[in-house]
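Marked as active site, proton acceptor by Swiss-Prot on the basis of similarity to another entry: ARG343. According to Swiss-Prot, the feature FAD binding site maps to ALA72, ALA75, THR94, LYS95, SER101, THR103, GLY108, ALA224, ASP278, GLU443, SER459, LEU460. Taken from Swiss-Prot, the feature oxaloacetate binding site covers HIS299, ARG343, HIS410, ARG454, ALA457, and the record attributes it to similarity to another entry. The tele-8alpha-FAD histidine annotation in Swiss-Prot covers HIS102, and the record cites similarity to another entry as its basis. Residues or ranges marked as transit peptide in Swiss-Prot: 1-45.
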Amino acid sequence: MALLKVAPSRLLSRALQLTSTLQNCTATSIAARRNFHFTVYGRKDTSAKVSDSISTQYPVVDHDFDAVVVGAGGAGLRAAFGLSEAGFNTACITKLFPTRSHTVAAQGGINAALGNMEDDDWRWHFYDTVKGSDWLGDQDAIHYMTEQAPASVIELENYGMPFSRTEQGKIYQRAFGGQSLKYGKGGQAHRCCCVADRTGHSLLHTLYGRSLRYDTSYFVEYFALDLLMENGECRGVIALCMEDGSIHRFRAKNTVIATGGYGRTYFSCTSAHTCTGDGTAMVTRAGLPCQDLEFVQFHPTGIYGAGCLITEGCRGEGGILINSEGERFMERYAPVAKDLASRDVVSRSMTIEMREGRGCGKDKDHVYLQLHHLPPSQLASRLPGISETAMIFAGVDVTKEPIPVLPTVHYNMGGIPTNYKGQVITHVNGEDRVVPGLYACGEAASASVHGANRLGANSLLDLVVFGRACALSIAEECKPGEALPSIKENAGEESVANLDKLRFANGSTRTSELRLNMQKTMQTHAAVFRTGSVLKEGCEKLSVINSAMDDLKTFDRGIVWNTDVVETLELQNLMLCALQTINSAEARKESRGAHAREDYKTRIDEYDYSKPIQGQQKKSFSEHWRKHTLSYVDSKGKVSLEYRPVIDATLNEDCASVPPAIRSY
């Protein structure tokens, strides 16, 4: 409380004094050894100005950069050092130290048609990804990603990523779900490059290490509040420094959002507690649309009772799912791919087994993942992390007994709509329009390469390909050092007012209580299987919960490391994502990919692709559902929906588009 009595100018003075002392100390201690490229406080020669134009209660600092990246996971780091490498004065804002980002938790691998295990072709990878998306993916973006995949993996290898190897010294590639050879006619593909079962950990640390070569200014433990938008253009970001409570406005010609997904809208998920849809919500508050948020991936194998991820790589190495009768039940649901069918197919199959009484345990509410038939040496070399995780969270020795698993929320296919260059788009009068100065990549974005369902090991690929694409696109559009667009003197005023409102919120409901209500509503009303009545009830419940945001109570009135307020800011972001997710799901009256409606069990395309389309009348755009959902939320929490067409054309003649067909494995 004593801090409240100190003038903001004095607080800022103290903070800058401490910063200067630490920087000088660091520079002195290591200058003799090497040039110092990294500091959590940003580059030493960065010009920053103190302002009181939007608040007299908080220190406000203005920064100018060519580009600012929000988020320092795989996508954010790749975008940030790509921009710095091209000569752009770049800031990277992150609420976590970079290596704490959720990319670190990815286990299975990264897809690329290297052909190290058998002949492969990136066009076959393209086909599998389009099919996996249930024909909701944009084929120009999928073309770009799969064609760039081999070069992206080789680039990572050159950066020092320690891939697992074959006996011949090549990058080891394992089987993964939904992957095939020869356009689905050549059997199972081995396309997933991995570092045992800790691929995300290696990827993130490799990219972070690479990023230290460049003079990117990192602002670590800064919470991005909102975009600075003027006249339909993005001109930067406003953020809160959590360490000292100061406000920072980053004016930039280009802004890249790489803030990850919003898995924490659900009660049980594999996501870190920091996956709160911050960038998605920032875009929503800016009046821009989000795309396809109803498509939430349930990973088939989360540890029962804990929700921790058990990688698909287990099944790629030969693991099998069994029910209470000891039956390898996936043989009934996917006779060809079996346990390596696409994730949405496996999750639904597991749920059906449990519903029909063939689940395991006394409550019949999970199934088993069996690994103990595999050689212990294989488990030790290929799945060491899983062996450890299963012992810690399930008390299971994988060499002797099966792991109890059930479907768990894992990934968000939807996000901020972009084109294949990473440029954020809106849809106006039937046409896609680029939002000047705004880019997005990674799980925060929807390019849309995943459509209605993501293939395993395409997410890490998405990060590096489109993180790099954002940097390349900005380099095509701009030059380093160009004049920056102006911002209004009071830009960000509403963000600071909201922060202050939450800091002194004195209602009757705790943030944690409201968050739990939201998460349990999403868990029960927008699950693996969905029905109209349950979704509608969920929409109504979430609307009530959102209204209760006005009755929040926070307890910490300070400005230094006020985690109470930060969690409440994250709840605001989660709520915007949850509202759009469940309303979009209620409106989509079909089953496609991860969106499975029990009252609308079939996919509704422009034609009935179960039979020849010759002689069929093509459905109008309003009559079918092979289209992207665009969702908006107004200041009162009301969701409105629009739709935009799926892009079926590829980038060029090197790759033919894949027409819709019945999806089976």
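Using the three backbone atoms N, Cα and C, a Cβ is placed for every residue, glycine included.
Comparing Cα positions, ASP278 (FAD binding site) lies closest to HIS102 out of the recorded positions HIS102, ARG343, ARG454. Taking all protein chains in view, 26 other C-beta atoms sit within 10 angstroms of the C-beta of ASP278 (FAD binding site).
Inclusion criterion for the recorded positions SER101, HIS102, ARG343, SER459: a C-alpha placed within 10 angstroms of the C-alpha of HIS299 (oxaloacetate binding site); this criterion is met by ARG343. Considering only the recorded positions ALA72, SER101, HIS102, GLY108, ARG343, the residue whose Cα is spatially closest to the Cα of ALA457 (oxaloacetate binding site) is GLY108. The closest partner of THR94 (FAD binding site) among the recorded positions, by CA position, is HIS410; the full candidate set was ARG343, HIS410, ARG454.
Sitting within 8 Å of the Cβ centre of HIS299, ARG343, HIS410, ARG454, ALA457, and not among those site residues for oxaloacetate, are the Cβ atoms of GLY177, GLN297, GLU312, TYR411, LEU455, GLY456, SER459. Distance noted between the C-alpha atoms of HIS410 (oxaloacetate binding site) and the residue listed as 'active site, proton acceptor' is 10 Å. According to DSSP, ALA72 (FAD binding site) sits in a coil region rather than a helix or strand.
In terms of Cα distance, the recorded positions that sit within 10 Å of ARG454 (oxaloacetate binding site) are ARG343, chosen from ALA72, SER101, HIS102, GLY108, ARG343. Per Cα geometry, ALA72 is the residue among the binding-site residues ALA72, GLY108, SER459 nearest to HIS102 (tele-8alpha-FAD histidine). When secondary structure is read from DSSP and collapsed to three states, the residue listed as 'active site, proton acceptor' falls in the helix class.
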